[in-house]
Amino acid sequence: MAATHLHIPPNPKTQTSHQNPPFWFSSKTGIYTSKFPSLHLPVDPNLDAVSALFSHKHHGDTALIDSLTGFSISHTELQIMVQSMAAGIYHVLGVRQGDVVSLVLPNSVYFPMIFLSLISLGAIVTTMNPSSSLGEIKKQVSECSVGLAFTSTENVEKLSSLGVSVISVSESYDFDSIRIENPKFYSIMKESFGFVPKPLIKQDDVAAIMYSSGTTGASKGVLLTHRNLIASMELFVRFEASQYEYPGSSNVYLAALPLCHIYGLSLFVMGLLSLGSTIVVMKRFDASDVVNVIERFKITHFPVVPPMLMALTKKAKGVCGEVFKSLKQVSSGAAPLSRKFIEDFLQTLPHVDLIQGYGMTESTAVGTRGFNSEKLSRYSSVGLLAPNMQAKVVDWSSGSFLPPGNRGELWIQGPGVMKGYLNNPKATQMSIVEDSWLRTGDIAYFDEDGYLFIVDRIKEIIKYKGFQIAPADLEAVLVSHPLIIDAAVTAAPNEECGEIPVAFVVRRQETTLSEEDVISYVASQVAPYRKVRKVVMVNSIPKSPTGKILRKELKRILTNSVSSRL
């Protein structure tokens with residue numbers, strides 16, 4: 001049973017009360033170590049991620065279900081299909097080890113099959129969101145030297161215009177109709193081609209090129225190896241499942257996250273299949289459809305990003321509680337949840353365990369994971385370091401390593417950390433420093449129990465008269481106002497002060513909340529130097545699909561509003 005109270009984080013300006021450093025922190029090296037025992041990862045240098053996945057034994061039956069049609073395949077059938085499709089891709093399409101193949105696909109039961117088939121051949125997969133523009137697709141195709149793409153009907157023309165060979169992936173699961181309407185895809189999937197030479201794939205070989213979000217700069221191709229994918233499967237997905245009394249094979253997961261993103265891919269294309277779990281795949285997230293799918297398929301686990309959690313909470317308020325009876329856990333990642341949204345969820349679905357986690361594309365989604373118990377809950381935290389992971393909190397001004405309770409840039413190290421950025425040694429050298437430490441760019445701190453809290457991005461820090469202000473701190477104050485639905489804060493240049501905090505506020509309809517009211521409210525809650533100096537009322541806060549605030553868009557709105565008055 002999930003508790004309904006929130007843990008209040010320690011004052012980040014004060015150090016932990018421990019007289020001696022806790023066992024998981026070294027004051028000499030500044031290294032935080034996972035509180036969990038290290039796990040033994042496969043040592044065979046010639047082990048590929050697909051072989052590692054299917055080497056795990058379990059008692060699971062159904063592997064994948066299409067949420068719309070109910071079409072399903074078992075775990076046994078999945079392994080056979082992956083081998084069969086790999087043979088078709090090898091013989092019909094001529095794909096060989098080292099070839100780069102793009103998946104520009106929406107969520108479907110076919111997605112994991114195609115991905116696993118390709119990397120089992122030693123091919124390198126780069127994924128793209130199917131809603132990508134022609135310019136975005138062109139950039140990635142060019143940078144990755146893509147020669148072949150699997151895509152849905154609406155993107156065939158875009159990819160063909162770029163000189164890429166295209167395989168149109170059917171949206172149907174009626175194989176008789178597929179054989180007539182899409183014979184090439186049917187041939188790859190269903191015909192028998194016999195022997196395929198097994199390539200020598202090393203754990204250090206690149207398996208995937210996943211693109212970072214690019215919310216704070218140009219998107220970059222992240223090189224992930226078979227070793228990285230195995231680490232994600234073992235340290236993120238399988239380890240988390242091992243912490244609960246019920247077996248992973250009894251869980252039914254709802255896959256509404258994009259499978260083309262590292263969060264969805266690590267869970268639904270790799271890790272959960274090794275546990276024998278059942279995955280119900282939705283083409284795209286829709287709150288109304290989610291309610292029906294949870295009830296129909298008795299979903300037990302639902303990984304989400306913040307916008308999905310907010311939509312689910314809102315929809316759940318108008319639905320009979322019995323609909324969500326099967327739901328055990330909702331896990332959120334990609335962006336921190338505000339306290340207001342956490343409280344709202346816990347009040348609406350008190351029987352559901354809510355956890356947050358932390359990971360990056362650059363760490364193959366391995367980082368931290370939340371754990372709640374009857375005695376201890378840290379809903380605002382992103383959890384404890386995963387096994388085999390280490391961290392440092394670094395003062396971004398002096399470079400010194402900081403103890404628990406102090407804010408600094410989070411560095412992480414472990415087997416999930418990427419090989420580097422594609423064709424960008426300068427960016428790689430700036431991000432991976434001092435013997436494989438990944439600089440995350442996130443401001444964070446560990447509390448006295450080893451739980452990690454993400455505060456903000458270093459690039460977003462507002463510098464007011466020499467003081468440093470984290471926008472997320474002010475955003476937390478703003479959304480605590482009963483008449484404010486959502487808020488975001490960014491910096492505006494100021495000759496006298498350097499920068500000043502500007503708040504973008506979404507207020508409740510039919511309220512008379514004024515800019516002055518907002519400024520006064522924040523001023524009553526924070527130190528004088530942290531006050532909001534300007535307020536802009538907006539209808540919505542611009543955010544990425546994963547819920548990250550698009551601060552570049554806020555600055556654009558701010559610039560346009562200033563220009564319009566000149």
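For all residues, glycine too, the Cβ spot is worked out from N, Cα and C.
Note on Gly357 ((E)-4-coumaroyl-AMP binding site): other Cβ atoms within 10 Å of its Cβ, all shown chains, come to 23. The ATP binding site feature in Swiss-Prot is assigned to Ser212, Ser213, Gly214, Thr215, Thr216, Lys220, Gln356, Gly357, Thr361, Asp442, Arg457, Lys548.
There are 23 other CB atoms within 10 A of the CB of Tyr263 ((E)-4-coumaroyl-AMP binding site), with all protein chains counted. Per Swiss-Prot, (E)-4-coumaroyl-AMP binding site is recorded for Tyr263, Ala334, Gln356, Gly357, Thr361, Lys459, Lys463.
Under the DSSP three-state reduction, Arg284 (CoA binding site) is assigned to coil, being neither helix nor strand. If you look up Swiss-Prot, you'll see Arg284, Lys465, Gly466 marked as CoA binding site, on the strength of similarity to another entry.
The region 'Disordered' annotation in Swiss-Prot covers 1-21.
Here Swiss-Prot flags 286-356 as region 'SBD1', drawing on similarity to another entry.
Sequence annotations record features per position, and here Swiss-Prot assigns region 'SBD2' to 357-421 based on similarity to another entry.
Burial estimate for the binding-site residues (Arg284, Arg457, Lys459, Lys463, Lys465): highest at Arg457, by number of other CB atoms within 10 Å. For the binding-site residues Ser212, Gln356, Thr361, the ranking by surrounding Cβ atoms (within 10 Å, all protein chains) places Gln356 first. Secondary structure at Lys465 (CoA binding site), as computed by DSSP, is coil. Each residue of the region 'SBD2' (357-421) gets a DSSP state, and the totals for helix, strand and coil are 3 helix, 21 strand, 41 coil. Sequence-distant contacts of Ala334 ((E)-4-coumaroyl-AMP binding site), defined by Cβ-Cβ distance under 8 angstroms and a gap of at least six in the same chain, are Tyr263, Val305, Pro306, Thr546, Gly547, Lys548.
Residue annotation for CoA gives Arg284, Lys465, Gly466. The furthest Cα pair among them is separated by 46 Å.
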